[in-house]
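A.B. asks: Pulled these from Swiss-Prot:
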type	residues	note
ACT_SITE	25	active site, schiff-base intermediate with substrate
MOD_RES	25	pyruvic acid (Ser)
BINDING	57, 73, 74, 75	substrate binding site
ACT_SITE	58	active site, proton donor
């Protein structure tokens, strides 16, 4: 049996562009893609912190070091420049490997530059 687990997350990045008439996808600064272990054309789930929208698209490379997060195509209707997004990717993990699985969790500053990398989500407490 396989389980679908969080593989990668880029937490609270700021939308820098919305390109309605681009053919689709989400362009992500190549530095962030590498840090999160997300490859070009990989399916990503995007959750808009500001308006609650959730959508699925695929990642493409944005200019390295630019901080670019460009929501493109019809998905551009689901975000505005300045909106905070969480970008996640998932993987199928064999049951035997679940306990050892560690996601890549990338945290950024307000210029979308990586400031922290973690490999677990802390337990939520009251």
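Cβ coordinates come from backbone N, Cα and C, glycine included.
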A.B. asks: If you take the centroid of the Cβ atoms of 57, 73, 74, 75, the listed substrate site, which other residues of that chain have their Cβ within 8 Å of it?
C.D. replies: 24, 25, 26, 55, 71, 72, 76, 77, 78
A.B. asks: Report the nearest neighbour of residue 58 (active site, proton donor) in space among the recorded positions 25, 73, 74, 75, comparing Cα positions.
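C.D. replies: Ranked by Cα distance from residue 58 (active site, proton donor), first place goes to 25.
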A.B. asks: Using the residues the record lists for substrate (57, 73, 74, 75), what whole-number Å value is the largest Cα to Cα distance?
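C.D. replies: The two farthest binding residues have Cα atoms 10 Å apart.
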A.B. asks: By a simple count, how many Cβ atoms lie within 10 Å of the Cβ of residue 75 (substrate binding site), its own Cβ left out?
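C.D. replies: Taking every protein chain into account, the count is 21.
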A.B. asks: Can you tell which of 25, 57, 74 has the least company, meaning the fewest other C-beta atoms within 10 angstroms of its C-beta, among these recorded positions?
C.D. replies: 74
A.B. asks: What's the CA-CA gap between residue 74 (substrate binding site) and residue 25 (active site, schiff-base intermediate with substrate) in angstrom, rounded?
C.D. replies: 9
A.B. asks: Between residue 57 (substrate binding site) and the residue listed as 'active site, schiff-base intermediate with substrate', find the distance joining the two CA atoms and give it rounded to the nearest Å.
C.D. replies: 5
